[in-house]
Every structure is written in structure tokens, then in C-alpha cells.
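**Student:** Provided herewith is a single structure, encoded as C-alpha cells, for subsequent inquiry.
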Amino acid sequence: HSGSISHRKCLHKPSWPERPDNFTGDDFLEDLKRNLYVKRHSLLTVVVATGRVFQHFCSLCLFVQAYCLMLQGTLAPETVLFGLGMLAPPLYLAYLFCASGSADKSDLSPMRTAFGHCRLLLVLTAFTLMWSPLLKSLTATISTDTIHAMTAFFLTANLLFHDYGGSAAIVLKSFSLNSAVFAAICLASRLPSSLHTFTTVELALFVFAFWPELRRNMSVGLHSPFQPVLSLGLTFLLNLAAQCAMCFISMPAACCFLLLSCFIMLICPIMFVAMQAQKNNIHGPWDEAVIH
């Protein structure tokens with residue numbers, strides 16, 4: 001009897017004429033599940049993760065504070081260069097040690113890696129020293145208020161697009177670094193000499209290029225149960241250094257920075273952990289199909 005079957009093109013045919021189109025049976029919510037893929041975070045984990053953001057914020061504050069102290073004449077550029085020269089060798093040895101234990105380490109030997117980095121450092125130092133007079137006069141015709149507004153904008157961009165160790169679409173490492181270097185060039189035009197300009201750019205390369213890579217290798221390469229303690233200790237030291245430097249600039253600003261530190265490192269993690277109990281993600285047969 002197959003020949004008697006009529007084939008019709010039907011866009012919609014109601015199965016139950018007595019029921020509305022949005023009818024759902026009593027068993028519709030039987031397969032409802034809540035918070036299937038939610039990862040619960042402990043307070044220590046959240047504080048450590050927040051510390052990575054706060055470490056970069058403190059480093060940025062130290063860079064701006066060094067500029068303010070050099071502008072006031074309290075801090076000499078020779079002192080900054082001497083400090084960088086004393087800090088760079090032990091920190092670079094720590095960088096090589098952490099990179100050797102990292103999972104994404106390169107096939108180059110530590111000696112060849114160190115040679116390549118030293119050559120790059122010499123090239124950047126010579127280039128910066130040679131172009132310091134030009135960099136000092138590059139933005140000299142722009143008003144100071146505009147320079148400070150541009151600096152605040154680009155340093156904020158550096159904070160927003162910096163790589164804090166997570167995979168997100170907003171992470172743009174090259175744009176973040178370029179923003180910080182451009183902010184340093186803007187600030188260098190307000191300092192009195194070419195040596196100040198050279199010191200500012202070198203400090204920016206240290207703070208925004210080398211120092212974040214060292215912190216990232218410390219968090220990735222050191223597989224130790226004491227890693228959270230080390231991370232919190234580094235956060236405390238950077239916070240203490242930024243707090244002390246702020247006291248030389250302005251005591252009201254130092255008090256505001258202390259309150260901001262407590263809010264970021266204590267209040268925000270506690271609020272985040274407390275709000276985890278309010279998460280309510282529902283899952284069921286209405287979800288989109290996922291191909292595994």
C-alpha cells in the first residue's frame with residue numbers, strides 16, 4: 001500500500017490541537033541540573049590569583065613613583081641605574097632557573113639563551129642611549145596636562161591587556177608592553193636631562209618587559225607546595241616597597257594606597273568566595289549539542 005501514501009510539505013502541524021504551542025509536560029524539569037561545571041575556589045586560591053594582578057599594579061606604581069621622585073630631584077637617575085644593575089643579575093639567574101623547570105621551555109641551552117638575552121640587552125641599551133636626546137624632545141611641545149592624561153590612558157591599557165596567566169581574549173601582550181613604553185616616553189619629556197630619559201625608558205623595559213616574564217616563570221616553573229606562600233610573600237614585598245615610596249611623595253596618597261591594597265587583596269577575594277554560593281547555572285536537554 002505504499003503507493004497510496006500521500007506526500008505533503010507541511011511546515012507546522014499541531015500534534016495536540018487542544019494544547020498551546022508552548023505546552024510542557026510534568027516531566028519537563030526532571031533532567032534539570034544545576035552548576036554542573038562550576039569550579040569552587042578556596043579563599044587562598046583567590047587571594048593568590050588576585051596577588052598576580054596586584055603585583056603588576058604595584059610594579060606600575062613603583063615606576064610612576066620613581067618618575068615623580070626624579071622629577072622632584074629627590075631620586076637621582078644614577079641611583080636608579082645602580083639599583084637596576086644590582087637587581088638584574090640575581091633576578092636573571094632566578095629567571096633561568098624558573099625557565100628550566102617550565103613546561104614550555106625552549107630547546108636552547110641556558111648558556112645560549114643567556115648569550116642571546118645579553119646581546120638583546122646591549123642592543124636595546126645602546127639604542128635607548130643613542131636616541132635619548134630625541135626621545136626627550138619628542139613630546140616636549142605637548143602640554144603637561146595632556147602628557148599626564150596620555151600617560152594615565154596608556155598605563156591603564158597596560159593594566160587591562162596585560163597577561164596575568166589566564167587565557168582570555170582581552171590579553172594582548174605586545175599592545176600592553178607598547179603602551180607602557182609609550183607612557184614612559186611621554187613622561188621622559190618632562191624630566192630635566194637626557195640621562196633621566198634614558199633611565200626612565202630602561203626602567204620601563206625592566207618593569208614591564210623583564211619583570212612580568214620572571215613572575216610568570218616563577219608561577220609556572222616552580223612546582224612546589226610553598227608556591228602560594230612565595231607568591232604572597234612577593235606580593236607583600238612589592239606592596240611594602242610601593243607603600244614606602246608613596247610616603248615620600250604624599251602621605252594622603254599613601255593612606256589611600258593602603259586602603260586600596262586592603263580592598264583589592266582582602267575585601268574583593270572575600271566577596272568573590274561569598275558570592276560563589278549564589279551561582280545558579282541550569283543545564284538540561286534544551287542545551288545546545290556539544291560534539292566531543
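Just so it is clear, glycine is given a Cβ too, placed from its N, Cα and C backbone atoms.
Just so you know, TrEMBL annotations are computer predictions that nobody has curated.
Okay, these came from TrEMBL:
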TRANSMEM  43-67  transmembrane segment
TRANSMEM  79-99  transmembrane segment
TRANSMEM  120-144  transmembrane segment
TRANSMEM  164-188  transmembrane segment
TRANSMEM  195-214  transmembrane segment
TRANSMEM  226-249  transmembrane segment
TRANSMEM  256-277  transmembrane segment
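Describe the structural surroundings of these features, if you would.
**Tutor:** Same-chain residues lying 6 or more positions outside the transmembrane segment (195-214) and placing a CB less than 8 Å from one of its CB atoms are 56, 59-60, 62-63, 66-67, 70, 77-78, 80-81, 84, 88, 91-92, 94-95, 98, 124-125, 128-129, 132-133, 135-136, 158, 162-163, 176-177, 180-181, 183-185, 187-189.
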**Student:** Quickly jot the same-chain residues contacting the transmembrane segment (43-67) by Cβ under 8 Å, restricted to those at least six beyond its ends, or write none.
**Tutor:** 75, 80, 155, 158-159, 162, 164-165, 180, 184, 187, 191, 200, 203-204, 207-208, 211-212, 215, 219, 228, 231-232, 234-235, 238-239, 241-242, 245-246, 248-249, 257, 261, 264-265, 268-270, 272-273
